[in-house]
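Asks: Below: one structure in structure tokens.
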């Protein structure tokens, strides 16, 4: 039996970073509350094959999926809002599309045809979208088109999606256009002209939006909605206002109050019983809005100027705080600078996130030393764990201990590149990526947090604790609390006689959800709360 999905395509206009990803994720959350199965796709119109080699300052965090793909951070939003694990193929890039088409041409699949944008590229885009829809078995497929309408890079994707609507039927595909309605304080009024022009640009591609979601700093009134409906040729009830919210998790509630779910259900003829029920989600949002007690976490990182570089860590801390019914305040501390001990002393806890390269390592090591000497709860993730091992070794007689990533000639290479990684020359998609199992040692902080002996966590690294120094480090007091099931790779470390000192080689933040806070983050914040008291 052929799987027939309904498609909701989300495009953006006027400005970039308008919140298309949160909008798409919020629509998905609303549809989930009807009892519908939903999956999501992010289209990134850049020529990179994936997000793995992109600069965090330009693109934000690289989100790693269970199956080991390095993807756009919007997939993290989708997973958190939909509470489901997405495949890496749900991130479609121009690079993937072109590579697939060129490989097919080289293998003779096109039988000598002149390979063109239309039909070959557009057919490949549609094929990728349908493949994801079929494999997921979802009733609704959300497709977010990255960038802004009018970008030259996005034109083949918009054409493919226009064709998709014709082929699937207008009752099975709808377009949601997210725009910005600026407020001019000098004139004291909102301006709809940018939205009108953006919609006109979209219509010039052959796509008429079914719904327009207007982002704004403040709520807009019904007369403005009528004006936009009139000039943009959509129904008045399909003009939706999404003003700035205090939390991204409020957006599904805002859109639901605008009857977005009801309109979508009617527009693409979804088979549902009853109304959307977001009561559980509203409870989560209420927990996220708690004002006190407050715990302070200092994140010592090298990309702190752009918070999106650590977006999953930030959200995981919020989820854990909501679980404990506390508020978390995050202090962003640049590891590039000499870490000020006075600043650190005001913190309830310290978190050292992942990263690559030598820049900022000295600052991270200073933070580890401060946490050890002052008994401050500290959580190290990926490179953060490696820094904890390095500083622990140095403080316990292994002078000059380091990672071979930073000092190939170190006398104590306590962190070294994994053996199988040493033969790899290409950078893209070649690390230890995706979900791997970790066996947890009983009687440890990790076991207390997880409450189980075997867990699956997502990884993204080339370097590991060097087994040649494992026995020596353990003799000095380092506890290996988690390893690969074969006991070969060290996954987690702790020490005794410290309130909370734990490092993990994996990225637990990728598994945290608003309704299911990650146990390590909950345990970490609980220790921070104890210190704050």
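Even glycines carry a Cβ here, placed using N, Cα and C.
The region 'Amidoligase domain' feature in Swiss-Prot is assigned to 1-270; the stated evidence is sequence analysis. As annotated by Swiss-Prot, CTP binding site applies to 16, 151, 152, 153, 191, 192, 193, 194, 195, 196, 227. Annotation comment: Swiss-Prot describes 16, 191, 192, 193, 194, 195, 196, 227 as UTP binding site. Residues or ranges marked as ATP binding site by Swiss-Prot on the basis of sequence analysis: 17, 18, 19, 20, 21, 22, 74. Here Swiss-Prot flags 57, 355, 383, 384, 385, 386, 405, 462 as L-glutamine binding site, drawing on sequence analysis. Positions annotated as Mg(2+) binding site by Swiss-Prot, on the basis of sequence analysis: 74, 144. The feature domain 'Glutamine amidotransferase type-1' is assigned by Swiss-Prot to 303-533, with sequence analysis given as support. Annotation comment: Swiss-Prot describes 382 as active site, nucleophile. Residues annotated as active site in Swiss-Prot, with sequence analysis given as evidence: 507, 509.
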Asks: Can you give me the same-chain residues 6 or more apart in sequence from residue 74 (ATP binding site) with a CB-CB distance under 8 Å?
Replies: 20, 21, 24, 25, 42, 63, 144, 146
Asks: Quick one: Cα separation, residue 152 (CTP binding site) versus residue 192 (UTP binding site), in Å?
Replies: 24
Asks: Among the binding-site residues 19, 21, whose Cβ has the fewest other Cβ atoms within 10 Å?
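Replies: Selected from the binding-site residues 19, 21 on minimum Cβ neighbours within 10 Å: 19.
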Asks: Fill in the CA-CA distance, residue 386 (L-glutamine binding site) to residue 507 (active site), as an integer in Å.
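Replies: About 13 Å separate the Cα atoms of these two residues.
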Asks: List nothing but the largest Cα to Cα distance in Å, as a whole number, among the residues 57, 355, 383, 384, 385, 386, 405, 462 that the record says bind L-glutamine.
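Replies: That value is 23 Å for the farthest Cα pair.
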Asks: What is the separation, in Å, between the Cα atoms of residue 227 (CTP binding site) and residue 509 (active site)?
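Replies: Cα-Cα, rounded: 43 Å.
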Asks: Based on Cβ atoms within 10 Å, give me the single least packed residue among the binding-site residues 17, 195.
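Replies: Candidates: the binding-site residues 17, 195. Fewest Cβ atoms within 10 Å: 17.
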Asks: Work out the three-state DSSP category of residue 144 (Mg(2+) binding site).
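Replies: Assignment for residue 144 (Mg(2+) binding site) reads strand.
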Asks: Using only C-alpha positions, which one of 18, 19, 383, 384 is spatially nearest residue 195 (CTP binding site)? These are the binding-site residues in the record.
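Replies: Going through 18, 19, 383, 384 one by one, the closest to residue 195 (CTP binding site) is 18.
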